[in-house]
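Structure record follows, encoded as structure tokens.
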Amino acid sequence: MSEILDLSFLSEMERDLILSVLQRDEELRKADEKRIRRLKNELLEIKRKGAKRGSQHYSDRTCARCQEGLGRLISKSNTCVGCNHLVCRECRVLESNGSWRCKVCSKEIELKKATGDWFYDQKVNRFAYRTGSDIIRMSLRRKPAVNKRETVGQSLLQQTQMGDIWPGRRIIQEQQKEQSVLFEVPKLKSGKSALEAESESLDSYTADSDSTSRRDSLDKSGLFPEWKKMSAPKSQVEKEIAPGNQNAVCGDEGDMIFKKNTRKVLRPSEYTKSVIDLRPEDVAQESGILGDRSKSVPGLSVDMEDEEEEEEDIDHLVKLHRQKLARGSMQSGSSMSTIGSMMSLYSEAGDFGNVSVTGKIAFSLKFEQKTQTLVIHVKECHQLAYADEAKKRSNPYVKTYLLPDKSRQGKRKTSIKRDTINPLYDETFRYEISESLLAQRTLQFSVWHHGRFGRNTFLGEAEVHMDSWKLDKKLDHCLPLHGKISTESSPGLPAHKGELVVSLKYIPASKLPVGGDRKKSKGGEGGELQVWIKEAKNLTAAKSGGTSDSFVKGYLLPMRNKASKRKTPVMKKTLNPHYNHTFVYNGVRLEDLQHMCLELTVWDREPLASNDFLGGVRLGVGTGISSGEVVDWMDSTGEEVSLWQKMRQYPGSWAEGTLQLRSSMVKQKLGV
């Protein structure tokens, strides 16, 4: 039964269509089986005519097919190569290669070719034969899998509906009826409620569906967990309008995410580096809610290539794993810190340790003028800290970066040394880089403990500024490790991460088209906030060829969930991408903008791994307070504040600005 498919998400109409196709398939197979039986009967008739009867006497020199006598001189040329029987000339069938077979052997070969038996004779020895229509038929009739979180009431309800051929559908409808009591169901353009549209599609996970019904997750407590004092739109079905005449399409990146068996619950032992959930419990629960499908224009002629797996959210990672610390003395050889390495935040999925940084790292540097190559010889480490103090255990390894390049192509890693605080590596890394460019770089060594399931612990780091080293001399050095320097003062981080050109426009509810998708907030009708992502300039190269495959992701804080998230298409192989894409947020009142913040982050797309952070901005009033509460994300400064205030001051007009990208989304000091 493991072959049975889960087709409970199909609608009644879709199931009826599938059953009609299966009916036609059954009729065709029966007709084909009838044809095969006729051919087999013809073969049996030929064999019957050539069979010897016990009532008659036959000579040894007779034809095995027609029983006619053969001459006295019998040669091997009269023997069939298929059955080794003597056959007369009349019972032979010539083949294309000049050889011949008897009528029976030739008919058997013809029958196998015509019926495909030659294929099934081989297939049955390797596979258990079961047609696709049989599997679908069983899948449509089977009882759906038991939900781990199924209540007793749902279980009893299901038992009373065992006679229904689609038992899963009625349970889903009952759940939707219960949800409809909790909140008002908005209406779509078609006149049907969002839940009715969802019921018709039955949780279809196909990313490129042309269905006009859109998913609507409307539980206010799930959408706005942090924003209880402010009004919020009752519907999260987004309509995005651009200042252009391109057509609108559905571009929700969440469909592909939920297409990938997201209902499987992993045990902690099954977690890997790429699937560790670093978000708080309430955020993790929100991720189970399917987001809206939004129409995004302009720039819709470009295929939506951003349906990737959910990348790490930078603010949550920073909030969970970064703490401010002061750099200790380089000569002391040790420093106390609570660690959170921003350099490894994206490649190692966070730091899970809290250790006292101790020890040194020994290495040598050499620059080969002929090949323009930096050669790094990582020798050993001395007296590292224990990642597990109770068990006195450390599994250290060393990573190197030539800052500001933090891409995967720029990372080098040693092997992992088990159960030692004095690891001996003796490994060599090479960077092909010109002498002039190398002088602008900073070589960073970071030591990590390799934990189970990717839960790595930061053990310390050290830096070498390349402009202070004479490249014509070999450098042998042993540096003390120290805690992570805060990103604001780190000399390895670039001062310029690029620029993002955006335009903002707020349209009051009174100016929205009559009869359109006008959403209401608690205080009345809400307006529409449009964010036009035009282009980015001089982004950081994240690929080995000096380019990036970038896209922009946006959140309208404090709502950090899938209903608030927007993405642009991916612009490949360029550091100056033109996105020409618009985000639209409905149901926003003008007075709400005082407590909101628009966060835009630029990412490099990595298909088989987590994405690389390239920079970001936050647009808001920059007071540090939202709805009377102190928040980290209300930290806009300079042009970020000016552009936001200009948009608020002139409703209905576009406010455009060029914003410097931040190197990290850590809270900035206000008043700068």
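Using N, Cα and C of the backbone, Cβ positions are placed for all residues, glycine too.
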Candidate set Ser217, Ser521, annotation phosphoserine, source Swiss-Prot, matching residue: Ser217
Checking 63-105, 364-406 against Swiss-Prot, the stretch recorded as zinc finger is 63-105
Which of the listed residues, Ser274, Ser301, Ser636, has Swiss-Prot annotated as phosphoserine? Ser274
Across the whole of the domain 'C2 2' (508-634), what does the mean pLDDT come to? Round it, please. 84
Taking helix as H, G and I and strand as E and B in DSSP, count the residues of the zinc finger (63-105) in helix, strand and coil. 9 helix, 9 strand, 25 coil
